[in-house]
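Here the structure comes first, spelled out in structure tokens, and everything after it is commentary.
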Amino acid sequence: MASLYELSRIMRPDDANIVGNVHGGTILKMIEEAGCIIGTRHCNTQNGDHCLAALARVERTDFLYPMFIGEVAHVSAEITYTSKHSVEVQINVLSENIVTGTKKLTNKATLWYVPLSLQNVTKIIEVPPIEYSSSEQEEAGKKRYEAQKLERLETKERNGEIIMSVSLPEPYTVAFSQSSLIHLVGPSDCTLHGFVHGGVTMKLMDEVAGIVAVRHCKTNIVTASVDAINFHRKIKKGCVITVSGRMTFTSNKSMEIEVFVDADYLVEAEKGKYRAVTAFFTYISLDKDNKPLPVPPLKLEGEEEQKRFEEGKARYLQNKAKRLADKECK
């Protein structure tokens, strides 16, 4: 089994919202940094082209407890499976109150990387295999690999959707809260290849999803979970990215928000705009004491919104059943 990689950082005011809750995007960015480091180190342990681990997918990530300004985030990463051209990294995040010494597990995440040659960014390098403690462990990893590969292919089939803007929408409708953010990709956003860090993209996605959630319920909100984040295509330095979010489902105490990232070449405009990343974020509404509040129901307009709502409801019930099953196993 590959060795662990750990990083720690104190949470500062710039990392949090106005009431002191650390942004989910801040945590996601740290998770991706740890995954990129351990993945890149592992893939460069063999002779041949030097490479950089590029983020391809993030599995569902639950935010188990909020983190606050002044706490220390401890991020630990471990490689748990390798295929011929991909690396699975599992990550845990602990928050530490440095006054009391109390630690809490706040996040668990699984990320998939592919190693790209530093000499030729289109060339994917073969991944050195890891040693497994048992054949059962290797087989479980292979099943996870096949499952995420299938889901990535299914997600690509629905990548043509575009969020359309609507003027003067009614409160609590999809159109009322939908939001977009436009960002010019600069050098500080990018890897050595000149492509955007996955963590930078995820932070922007969380910001947009958070705006959608606040517009809908007008309260303090925190990220509760993130379903699989699929990185379909790389985003190059100098591109303009449009990050768009829309509400798809509400339960009594949670909101699901679908987020798209579209990239557009600023100089080479003839190449056209393309869908780069997609994901679903779930938020909860909190009162001033960080207790969950009821979420206003989403008002649906049209068959498409009804269809997306039913799909979101199915994901909600599936995730709820999984959480209950996990509790029974402990």
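Including glycine, each Cβ sits where the backbone N, Cα and C put it.
As recorded in TrEMBL, the features of this protein are as follows:
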type: DOMAIN; residues: 1-119; note: domain 'HotDog ACOT-type'
type: ACT_SITE; residues: ASN17; note: active site
type: DOMAIN; residues: 175-289; note: domain 'HotDog ACOT-type'
type: ACT_SITE; residues: ASP206; note: active site
Query raised in the report: In sequence order, which same-chain residues at least six apart have a C-beta under 8 angstroms from ASN17 (active site)?
Result: HIS23, GLY210, ASN220
Query raised in the report: Just how many other Cβ atoms lie inside 10 Å of the Cβ on ASP206 (active site)?
Result: 26
**Report entry** Summary of DSSP states over the domain 'HotDog ACOT-type' (1-119), given as helix, strand and coil counts
**Finding:** 23 helix, 57 strand, 39 coil
